[in-house]
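Per Swiss-Prot, these features apply:
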type	residues	note
BINDING	HIS369, PRO370, PHE371, SER372, ILE373, PHE374, PRO375	FAD binding site
BINDING	GLY411, PRO412, TYR413, GLY414, CYS578, PHE579	NADP(+) binding site
DOMAIN	161-320	domain 'Ferric oxidoreductase'
DOMAIN	321-419	domain 'FAD-binding FR-type'
TRANSMEM	46-66	transmembrane segment
TRANSMEM	108-128	transmembrane segment
TRANSMEM	168-188	transmembrane segment
TRANSMEM	195-215	transmembrane segment
TRANSMEM	238-258	transmembrane segment
TRANSMEM	266-286	transmembrane segment
TRANSMEM	293-313	transmembrane segment
Amino acid sequence: MIEERDLVLSNGIHCIADIHSELYARLKKESQAATPWVYQKQYGKFVTYFVAVIIFLSLIKKLAFMYYDSSEEFLPEKKNSPTTPSVFLARIMTKLVAFNRYICYRKFPTLIFSYLGIPTSVGTFLVVMATTLYTLLYCFVPHPFYRPCAGFGSPPLSVRAGIMAISLVPFVFSLSGKINVIGWLVGLSYEKINIYHQWASILCLFFSWVHVIPFLRQARHEGGYERMHQRWKASDMWRSGVPPILFLNLLWLSSLPIARRHFYEIFLQLHWILAVGFYISLFYHVYPELNSHMYLVATIVVWFAQLFYRLAVKGYLRPGRSFMASTIANVSIVGEGCVELIVKDVEMAYSPGQHIFVRTIDKGIISNHPFSIFPSAKYPGGIKMLIRAQKGFSKRLYESNDDMKKILIDGPYGGIERDIRSFTNVYLICSGSGISTCLPFLQKYGPILHKTNLEVITLDWVVRHREDISWIRDEMCTLSNNLRQLFLDGKIVVRIYVCSDSTVPGIIKTFPQTIDTASDQSDLAKREKDTEFGQDDTESNSTFDKSNNEYKGLITIIPSKPDLNQVINDYQIGFRNCFICSGSDSLRYTVGNSVAGLQAKVFSNKNVEECYLHSESFGY
């Protein structure tokens, strides 16, 4: 019987047996007066205010850089503009920014932190930890955690933890979208802020359990398991709380790095189904307690607005196009484990560094994957994608024998917020298929170098095998043809590092205009091996016609794995420097730490004003 286990307070009142007594009612009223149940909803507002402040500060930073970039004299009409920031304010700003970047650009060991789902960027880590600390303090510092008896009201710890969890839901859903209002405000694309979506979800899950446990603990403390069973049967709130926390736990488990790594496509389909179940069950559970359902109303309004905007502007409902209009992509194998997709004509505007989501119209239509895009040299007006065969979608595409595929395009997304034209030096650092991100910057800004502040564009590309260079053969030939003088003047520098020592016929260090494939290819391979890369080879070769000699020395191929830290430190840093990197985790780790170290030059060298880093990753 429950009465056999009945908590007795110091004043002699029983928490269960005396529940209908006048003294019990008076003590309940005193407990509510001391810690009002209705006040607990303020803790949800405290969380919202904190996140709003972070977003506001990020917005200020974005607007400041937009103003700063627009005031630069990289266009004739901007010269001698009265809107140029004062020298004093500019110096203060550059020093503060450099100090911030000195800390925030640094990277933690990628393998360990990524495996644990912890942000690898120091800057992101600090924001996440600040938010975590703030919410933990607001949840656990206020007392009391419990009321003397459960009948006096819900445990204050449970109520405030629950309302804090609900207040995070709008941010969780908003940050999940490929188009989201928070990303637009802070100037980050969705793949950059996806880590905040993950950690907002983790905090939401944590506070959900903090909400649940005090109810269970107090019921057991007062009347044992029988009391818990009675509360379960009598309270609809208890029963309705199970589905949302179950959905939330399944969302967390399926989102763990190890689960995403091995079951990515299952995760993609399961994620939105569980999210819908979580939202509906949570709405039923909280309505209308403390008006907390209004957080969920805001969630659905923002989420649907983002979804509609994405479909209408980026996706399959674009005005002037038929619903889910498909396009044809040419498919070809361009090396071991690499597929080339070319769409000859695209009806969308895009910027360097952006990517699209591709969905093939076949049995794999439910799968869509992101790929960086760049202009195709072979088909002007077309776009090209390089896809490394790994698992799922990319592996099926690589193993298919199709020369053409019907695809659906969603995008473009991502890109860089800063105006590249305002920098003096641009350094493009990439490995493998990361060239898809970096090359379009050279393609776009190389031809207009003389119209901007840009003085030098440097591309350093690390590949495993020499044959990988053929991925962008046409594009590099076009660039070396059209921008030959810039190459010769050292205003465009291209270095390709080949980690292995394999040699494939038809790939040469200087990207000749024409190649006679009927020639003795083994002789060519031997000559390449014997040649000192980066130097002019004056020996004639029957493989190439006379025009080939024009391209000697324009592009340097180095047959070794580079020390990227040394490569970056050897750069002739200019006045305003932009570093763009894309590739492996180890590359981004090295580049991040190296560019963080370069911030010291902003303090020590008056001829260096800025070292900005933009990195791309497909870890989302």
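For all residues, glycine too, the Cβ spot is worked out from N, Cα and C.
Keep in mind the model is a prediction, meaning the values are calculated, not measured.
The structure, with features from Swiss-Prot marked on it.
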{"residue": "HIS369", "record": "FAD binding site", "DSSP class": "strand"}
{"residue": "PHE374", "record": "FAD binding site", "DSSP class": "strand"}
{"residue": "GLY411", "record": "NADP(+) binding site", "DSSP class": "strand"}
{"residue": "CYS578", "record": "NADP(+) binding site", "DSSP class": "strand"}
Handout entry: Fewest Cβ neighbours within 10 Å, where candidates are the binding-site residues PHE371, PHE374, TYR413, PHE579
Key = TYR413
Completion exercise
Of the binding-site residues HIS369, PRO370, PHE374, PRO375, within 10 Å of GLY411 (NADP(+) binding site) (CA to CA), in sequence order, we find PRO370
Exercise for the section: Restricting to the same chain and to sequence separations of six or more, state which residues have a Cβ under 8 Å from that of PRO412 (NADP(+) binding site). Expected result: LYS314, MET348, TYR350, SER351, GLN354, HIS355, ILE356, ILE373
Practice task
Measure between the Cα atoms of every pair in GLY411, PRO412, TYR413, GLY414, CYS578, PHE579, the residues the record assigns to NADP(+), and report the largest value in Å, rounded to a whole number.
Solution key: 25
Practice task
For the transmembrane segment (108-128), name the stretch out of 46-66, 168-188, 195-215, 238-258, 266-286 with the most CB-CB pairs under 8 Å.
Solution key: 195-215
Practice task
Give the distance between the Cα atoms of PRO370 (FAD binding site) and TYR413 (NADP(+) binding site), rounded to the nearest whole Å.
Solution key: 9
Handout entry: Cα separation, TYR413 (NADP(+) binding site) to PRO375 (FAD binding site) (Å, whole number)
Key = 16
Problem - Taken over the domain 'FAD-binding FR-type' (321-419), the model's mean pLDDT - result: 85
Handout entry: binding-site residues compared (ILE373, CYS578) - highest count of Cβ atoms within 10 Å
Key = ILE373
Handout entry: Non-local residues, at least 6 beyond the ends, that sit with Cβ under 8 Å of the transmembrane segment (293-313)
Key = 44, 166-167, 169-170, 173-174, 177-181, 279, 282-283, 286-287, 319
Fill in the blank from the handout: Ordered by sequence, the long-range same-chain Cβ contacts of HIS369 (FAD binding site) under 8 Å (at least 6 apart) are PHE357, VAL358, GLY392, PHE393, SER394
Handout entry: binding-site residues (PRO370, PRO375, GLY411, GLY414), the one with most neighbouring Cβ atoms at 10 Å
Key = GLY414
Fill in the blank from the handout: Sequence-ordered list of residues in the chain of SER372 (FAD binding site) that lie 6 or more positions away and have a Cβ within less than 8 Å of its Cβ, or none, is GLY353, GLN354, HIS355, MET385, LEU386, SER433, GLY434, SER436, THR437, SER582, GLU616
Practice task
State the Cα to Cα distance, in Å, between PHE579 (NADP(+) binding site) and PHE374 (FAD binding site), rounded to an integer.
Solution key: 18
